[in-house]
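In what follows, a structure is listed as structure tokens, so that the remarks can point back to it.
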Amino acid sequence: MRSGIVGWGAYIPRYRINVNEIANLWGLESQVVKNLGLSEKAVPDVDEDSTTMAWESSKNALRRANIDPSQIGVVLFGSESKVYAVKPTATILIDALGVTNDSLGADMEFACRGASAALRLVGGMVEASKIKYGLVIGSDTAQSNPGDVLELSSAAASVSYIVGPENEAGAVIEAAVSYTSDTPDFWRRDGMPYPVHGEGFTGEPAYFDHILSAVNLLFRENGYKISDFDYFVFHQPNGKFPLQVARKLEISMDKVKDGLVSPYIGNPYNASALLGLAKVLDIAKPGQRILVAPFGSGAGSDAFSILVTDKILEKQKLAPTVNYYIERKVLVSYSTYAKTTGKYKVYE
């Protein structure tokens, strides 16, 4: 038995900040912003965090799956911005969503790829008949040091997937592979508030090498070629990197543009590529095939082949789309953004 996506859901905070405002405040050159291919980024409100956003996106996924949450046998939560350093978010979500306590809950960590690894694991549990349904969440209020280039892209969003049996799926997971190595491109040491980049490793040795290796491995193991896919979705640390991957693979931009989210909301880390996948599922038609390749620093990439079924059309209508959340926005100032994300420190 194959596994598939029975339900999917997204959530993006309403607040946005123009990345040019951040660049101007810190004296970053306009060319830096242009090179990133970004316009705005999503900012959490003062009462939003990776847990509350995960609840929102999971409720949308449950609407599309049209199942009782008590039927879910595992909840895996991928994030770089957990509310607690030591206390799982998955347990909070299990009780908040009404998932049975006779279930497995765990938080996944692999930079921006924790949720993607979770998708592979839950898919395997469904295929092995260990569970009927599993919930996978990628949710982040991404951290960045004020004035760092990373602050232009680090964003907030959440995406959730309910994985279940093939005969109930709006899209079937046909195949999946992973590619992993010890590449120090990005890290945050224990006790440090913000991550740092190993600049020489960020592009070619990390992002490009791992995504291209995972995609080529998927092709080799399954006999796929570019023309077999209608959509391609890659991890989106900025607006330019996924387009460069497409050019390296000689993929038409028409097959990439529908899955782009970072030019509009920035990079929400664990919700990046998987949010792009949700955006494609919102519009995909039966019989179309999607390749999605998330990436996580440190470093690793997964590549999935996903085949859309005729059940997709009914599910698309049952919850708000990614585009709905992208267009639902309120622009805020840097001072508001700094306040809601805790960049101001008050000492008494």
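The backbone N, Cα and C atoms fix where each Cβ goes, glycine too.
Copied from Swiss-Prot, the annotated features are:
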- GLU29, CYS112, SER153, THR202, HIS235, ASN267, SER297: (3S)-3-hydroxy-3-methylglutaryl-CoA binding site (BINDING)
- GLU80: active site, proton donor/acceptor (ACT_SITE)
- CYS112: active site, acyl-thioester intermediate (ACT_SITE)
- HIS235: active site, proton donor/acceptor (ACT_SITE)
- LYS240: CoA binding site (BINDING)
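Sequence features annotated in Swiss-Prot and their locations in the structure.
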residue	record	Cβ within 10 Å
GLU29	(3S)-3-hydroxy-3-methylglutaryl-CoA binding site	9
GLU80	active site, proton donor/acceptor	25
CYS112	(3S)-3-hydroxy-3-methylglutaryl-CoA binding site	31
SER153	(3S)-3-hydroxy-3-methylglutaryl-CoA binding site	25
HIS235	(3S)-3-hydroxy-3-methylglutaryl-CoA binding site	28
LYS240	CoA binding site	16
ASN267	(3S)-3-hydroxy-3-methylglutaryl-CoA binding site	28
SER297	(3S)-3-hydroxy-3-methylglutaryl-CoA binding site	27
Distance [Cα-Cα, Å, rounded] between CYS112 ((3S)-3-hydroxy-3-methylglutaryl-CoA binding site) and GLU80 (active site, proton donor/acceptor): 7
LYS240 (CoA binding site) and GLU29 ((3S)-3-hydroxy-3-methylglutaryl-CoA binding site), distance between Cα atoms, whole Å: 17
DSSP-derived structure type at CYS112 ((3S)-3-hydroxy-3-methylglutaryl-CoA binding site), helix or strand or else coil: strand
Alpha-carbon distance [the residue listed as 'CoA binding site'; SER153 ((3S)-3-hydroxy-3-methylglutaryl-CoA binding site)] in Å: 12
For ASN267 ((3S)-3-hydroxy-3-methylglutaryl-CoA binding site), the three-state class that DSSP assigns: strand
Of the recorded positions listed as GLU80, ASN267, SER297, the one whose CA lies nearest the CA of LYS240 (CoA binding site): ASN267
Pairwise CA distance, ASN267 ((3S)-3-hydroxy-3-methylglutaryl-CoA binding site) versus GLU80 (active site, proton donor/acceptor), rounded so that it is a whole Å: 12
Integer Å distance between the CA atoms belonging to SER297 ((3S)-3-hydroxy-3-methylglutaryl-CoA binding site) and GLU80 (active site, proton donor/acceptor): 11
